[in-house]
Amino acid sequence: MEPAVSLAVCALLFLLWVRLKGLEFVLIHQRWVFVCLFLLPLSLIFDIYYYVRAWVVFKLSSAPRLHEQRVRDIQKQVREWKEQGSKTFMCTGRPGWLTVSLRVGKYKKTHKNIMINLMDILEVDTKKQIVRVEPLVTMGQVTALLTSIGWTLPVLPELDDLTVGGLIMGTGIESSSHKYGLFQHICTAYELVLADGSFVRCTPSENSDLFYAVPWSCGTLGFLVAAEIRIIPAKKYVKLRFEPVRGLEAICAKFTHESQRQENHFVEGLLYSLDEAVIMTGVMTDEAEPSKLNSIGNYYKPWFFKHVENYLKTNREGLEYIPLRHYYHRHTRSIFWELQDIIPFGNNPIFRYLFGWMVPPKISLLKLTQGETLRKLYEQHHVVQDMLVPMKCLQQALHTFQNDIHVYPIWLCPFILPSQPGLVHPKGNEAELYIDIGAYGEPRVKHFEARSCMRQLEKFVRSVHGFQMLYADCYMNREEFWEMFDGSLYHKLREKLGCQDAFPEVYDKICKAARH
């Protein structure tokens, strides 16, 4: 009872403090108190509810039966919208604060909200090596189920709360992407409800134009209601090698070399300064040396990026065996390194042992309680960006990131980009090795001004035929956006499928003016 009483006393004192100082002041200057006392317990309740629900639904096999009825309900909503005169654009009815994007779309308030309650794993077919899922299924659900039966996704993006729909309509990447590509490249079929209320299934051989146009389209070609995704046999552990590298030229050469080696199942780099990095390569295995086993996902363990940094500080190479699911979600507890700005003492051993089992807070709840003042502060003094550039431009790109924003650590993740139709493809006719450069944190460049600095970075990315992930703040104008992305197939399908009066253009959903 004593911990519960202590927590209750702390909560009471916090409420008195809020009454004295005002909620907005506390949310800005003592945000960690609010997060620890309220958001962490709420996040834990959310996680337990959705995990139990997903397990029960799948075990009782009710999801496929309910799925068809739910799809018919979506079709009915779309047809009713048409009968009422199609006066506004449509969008999903999922609240903007529930998405992993740091911003909330303004269009939710003005568009017709179509309710899409599709959050179940429908089928796992180990003979065809396919999992069929609904769009709101999360990566946490997928790993919990698939790893328990000995399977996994070839590309399993990091954070637990990322949804299949978001990873298809936006994009997704992981340290296995140098072998398999982006999340869209492991998908074999999409099922959608179109602007006229009709249902369509598309694959590389059936309705192929739509299949290739859907990724990155942000729900502007139709409503995704299911997807089929490749699965591969899983092993128990990842045998992970840590290699500190110094000197930018050496870092780029080593990272490029490891990314080209297909025997590496996983390749990842953490750049701690322009001249210091740790490059990690891993392979799946069923055997582990007990003395080198590291269950990094346990709540009391150090945050992964801090653990990796120790290899740099001590200038030594390392070898560890990490349980597969722990590896997949190695950055989840610290939200990469974003949590250190929210709970500055979050990696302290005492905090980890006492409260680490509640970490991390839900990104959706952090957004919901952000407030306008804090949102503006984040916009001007915080960067969250993923830029995808050709591997051959890595050294030039890192210099540009250093000069324009100066944020560290930087996440480095290689991926192969096939030459396929759609919004995103290489400049030539052959597949090309690209890299995701992820910058998350407070810029340390002098006189940082969000708009001008980000526009400068976006200009560089366009110049090397790179791409910007669309969850992030986009400062490009429409012309610049379509210079970055190939809209030929996308615009053709929008006209063919009657999307122009049903859905906004993708730029109008992701541009800076469309979000707050």
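Just so you know, the numbers here start at 1 and follow the chain as drawn.
Cβ from N, Cα, C; glycine included.
Swiss-Prot lists Thr163, Val164, Gly165, Gly166, Leu167, Ile168, Met169, Gly170, Thr171, Gly172, Ile173, Glu174, Ser175 with the feature FAD binding site, giving sequence analysis as the kind of evidence. Residues annotated as domain 'FAD-binding PCMH-type' in Swiss-Prot: 58-234. Annotated signal peptide per Swiss-Prot: 1-22, in sequence order, evidence recorded as sequence analysis. The feature topological domain 'Lumenal' is assigned by Swiss-Prot to 23-31, with experimental evidence given as support. Feature annotation from Swiss-Prot assigns topological domain 'Cytoplasmic' to 53-516; the stated evidence is experimental evidence. Per Swiss-Prot, transmembrane segment is recorded for 32-52.
One residue stands out among the binding-site residues Thr163, Thr171, Ser175 for having the most other Cβ atoms within 10 Å of its Cβ: Ser175. Proximity of Ile173 (FAD binding site) to non-local residues of its own chain (separation of 6 or more, Cβ distance below 8 Å) is seen for Val155, Pro157, Leu182, Phe183, Asp386, Cys413, Phe415, Asp436, given in sequence order. Predicted-model confidence for the topological domain 'Cytoplasmic' (53-516) is 92, expressed as mean pLDDT. Within 10 Å of the C-beta of Met169 (FAD binding site) there are 25 other C-beta atoms, taking all protein chains into account. With a cut-off of 8 Å between CB atoms and residues at least 6 apart in sequence, the same chain places Met139, Pro157, Phe183, Gln184 near Leu167 (FAD binding site), listed in sequence order. Residues Thr163, Val164, Gly165, Gly166, Leu167, Ile168, Met169, Gly170, Thr171, Gly172, Ile173, Glu174, Ser175, recorded as contacting FAD, have a largest CA-CA distance of 20 Å. Cβ-based neighbour count (10 Å, all protein chains) for Gly165 (FAD binding site) stands at 25.
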